[in-house]
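To start, the structure under review is shown below, and the notes come after it.
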Amino acid sequence: MTATTAESGRPDQPPTAEAGRPVRLTLTRRAGRAPRHLADLTRQERRDVAVSLGQPAFRADQVARHYYARLIAADEPEAMTDLPERDRQPLLDALLPRLLVPVRTLSCDDGLTRKTAWRTVDGASLESVIMRYPDRATVCVSSQAGCGMGCPFCATGQGGLTRNLSTAEIVEQVVHAARVLRRRELAGGETRLSNVVFMGMGEPLANYAAVIAALRRLTAHPPEGLGLSARGLTVSTVGLVPAIRRLAGEGLPVTLAVSLHAPDDVLRNELVPINTRWPVVEVLAAAWEYAEVTGRRVSVEYALIDGVNDDVGRADALADLLVGRLAHVNLIPLNPTGGSSWRASAPAGQRAFVRRLRDRGIVTTVRDTRGREIAAACGQLAAEPAGKPERTDRPEQVGSDRLVEFGAVGSTTPDGDRVLR
C-alpha cells in the first residue's frame, strides 16, 4: 500500500532498499483527507483563491500575515481589522478552515509542560506537547495520526497508522504552540517558540512531502511562514535510508535524530522492525552522509530498556559505531506504555552505560524527561479516544515533579537533554 500525501492527494512511491525490496509503511489505513488550508498553498495559489472569491490578490497575503506573524486564529476575525468586514469570512473559510479540534489538554511540571490531544475533521487522533525551559520553548509535533513502524516499546507504534497528516495539520500544531506561548497561556509568562521537534506520533520521513513542506513553512519568513531557524528544528526517523539521503539534498540544515536503540541487527530487528530492510550499517552510513552535507551533528536516540539493550557490551558496540563521527548519543530511560512489559534501566545501569560511552569519547546526553505523568514523554503518545471537543483555556494540572537524571551537572540541549560532564 502506498503512502498518500495529504496536501496533494497523490500517492508517493514507497521507499525501497537498495536491493529493490518494497517497505510496508502502514499497519492500518483510513481514507481521510484534510481540507485545503493556507499552509498547504504557495503564495500564488493562495492569491488565486482570493481572486476566485472576487477579492484583490493581496487580501490572501494579509490573511497569511495574520496567521504566521500575528498568530491570529480563524475564529478571531474581529482582530483582522485591515480586512473589510464583509470580506473576512469568505476569505477565512477558504484559507483558514478548521483542521484540528482540541479534545483534551493536560499540564504538568508546574504548568511548564502541556499536552493536547487533537481530533482532525475526519476523526483521526493525534497529540502534540509544548515544553518550556529556562532558555527556550519547544513543541513536539506529530507527522502522522498513528505510526506504521511497529516498534514494540512505543505506544504510538503499537496502535498502527491511521493516516498521514497534511502540511497544514503539522504547521497548525506549531502555530498553536507559538500562540499559547505568546499569549502567556503556559506558566512562566510570554515567550517565543524557539524549537520544533518532529518526535510526536508517526515516522516523519514516511510522510516525506508533507513534512518537507512543513519545514519550509516553519523556516520561511512571514507572510510565507513562521520565520523559525532551521537549526532549531529536529526531524527524527527510525532509519528510512533513501529518505535520509533525500533530506540531505533539501537545503534544510535541520538536526537529524536517528532512533537507533540497539547497535546490532539481531536486537534492532526486534526493537525497530524496519531494520530488517535497512540494517544498522546502512542507516548510519546515510546519517554520516547527512552530517557531511549539512555540517549538522547527528543525534543518535537510544532508549535504555532494562535487561534488553543496556549492558556495557552494547555500550562498547555503540561506541565502536560512533567514535570519530559527528554525532552524539541521546539516552532515553524507557517511558512506560500500556502495551509493553519492558521497563527503564535501573539508575546504576544507566550510569554505567553513560560512563562507558564517555570513556570512549562519545558526547552523551540523558533526556531530562518531561510529561511522563500525563503520558506525554518520548514513546508515550498514543492519542486518546476522540470524544466531545473541549476548550483548552484551563488545562488540567497533573503532578508537578520534574525528573532530573542522576542529579547530573551540565547544560541542556534544545530538545531537553542533559549533557553529562
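Heads up, the Cβ atoms here are built off N, Cα and C, so glycines get one too.
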Say Swiss-Prot lists Gly202, Glu203, Ser259, Leu260, His261, Asn335 as binding S-adenosyl-L-methionine: which of Ser194, Ser236, Ser341, Ser345 is in the same site, per that record?
Ser236
Gly202 (S-adenosyl-L-methionine binding site) falls, by DSSP collapsed to helix, strand or coil, into coil
For the binding-site residues Ser236, Ser259, work out the Cβ neighbour count at 10 Å and name the residue with the minimum.
Ser236
Distance check, please: Cα of Glu203 (S-adenosyl-L-methionine binding site) against Cα of Glu127 (active site, proton acceptor), rounded to an integer number of angstrom.
14
Roughly how wide, in whole Å, is the group Gly202, Glu203, Ser236, Ser259, Leu260, His261, Asn335 that binds S-adenosyl-L-methionine, by largest Cα to Cα distance?
19
Could you tell me the mean pLDDT over the domain 'Radical SAM core' (133-372), as a whole number?
95
Using a 10 Å cut-off on CB atoms, tell me which of the recorded positions Glu127, Glu203 is the least crowded.
Glu127
DSSP three-state assignment for Ser259 (S-adenosyl-L-methionine binding site):
strand
